[in-house]
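K.L.:
Residues annotated as Fe cation binding site in TrEMBL: His101. Under the heading Zn(2+) binding site, TrEMBL lists Cys109, Cys112, Cys150, Cys153.
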Amino acid sequence: MVATTPGAVEQVVAAAQYLCEKRGGRLTQKRQRVLELLLQAERPMSAYDIMDAYNRYADTTIMAMSVYRILGFLESTHLVHRLHSANKYIACNYIICSCEHHTALLLICRSCQHVREIMLPTPVVNAISHQAEVTGFEPLGSQLEMSCLCENCKKSTKNLY
């Protein structure tokens, strides 16, 4: 959940429109609505979750294939992140800042699916990339995912571990 109030959503959408134009793209009405759904979501959403939520409130319906194309565009412009481990999507927490998009560490609660995004410092990313290269792998992604327990779930499951 990146933006919870209408004003906050509008502010992030305005920044997203600017970023799209700067990168040679357009934030169309459908792309904007999908981004708004992700900004307001409390948990990561699958393409089908997005399609259902979109169709619940829109005048026109959207098909899953269109949602996937929209998500591809939003991901390519660094406005959303795809959680590869869950095949779900979240809005980027750093749309509104004017910082360059760096490697994100996505902390994913395995109990409630809450996600926290943090930017990794360049030396950490370089060290991880170097270790991958030393073992014969070439890093291809710009994000890392870590399965965790969030503070709330850690408290509620304290006696189970």
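Cβ coordinates come from backbone N, Cα and C, glycine included.
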K.L.:
Quick one: which residues besides Cys109, Cys112, Cys150, Cys153 have a Cβ within 8 Å of the Zn(2+) site's Cβ centroid, in sequence order?
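P.N.:
Close Cβ neighbours, site residues excluded: Arg110, Ser111, Gln113, His114, Cys148, Leu149, Glu151, Asn152, Lys154.
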K.L.:
Which one, from the binding-site residues Cys109, Cys112, has the smallest tally of other C-beta atoms lying within 10 Å of its C-beta?
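P.N.:
Lowest Cβ count within 10 Å among the binding-site residues (Cys109, Cys112) is Cys112.
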K.L.:
Per DSSP, Cys153 (Zn(2+) binding site) is which: helix, strand or coil?
P.N.:
helix
K.L.:
Taking DSSP three-state, what's Cys109 (Zn(2+) binding site) in: helix, strand or coil?
P.N.:
strand
K.L.:
List every residue in the same chain as Cys150 (Zn(2+) binding site), at least 6 positions away in sequence, whose Cβ is under 8 Å from its Cβ.
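P.N.:
Within the chain, Cys150 (Zn(2+) binding site) has Cβ neighbours under 8 Å at Leu107, Cys109, Ser111, Cys112, His114, Arg116.
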K.L.:
Would you mind checking how many other C-beta atoms are within 10 angstroms of the C-beta on Cys153 (Zn(2+) binding site)?
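P.N.:
Excluding its own Cβ, Cys153 (Zn(2+) binding site) sees 16 Cβ atoms within 10 Å.
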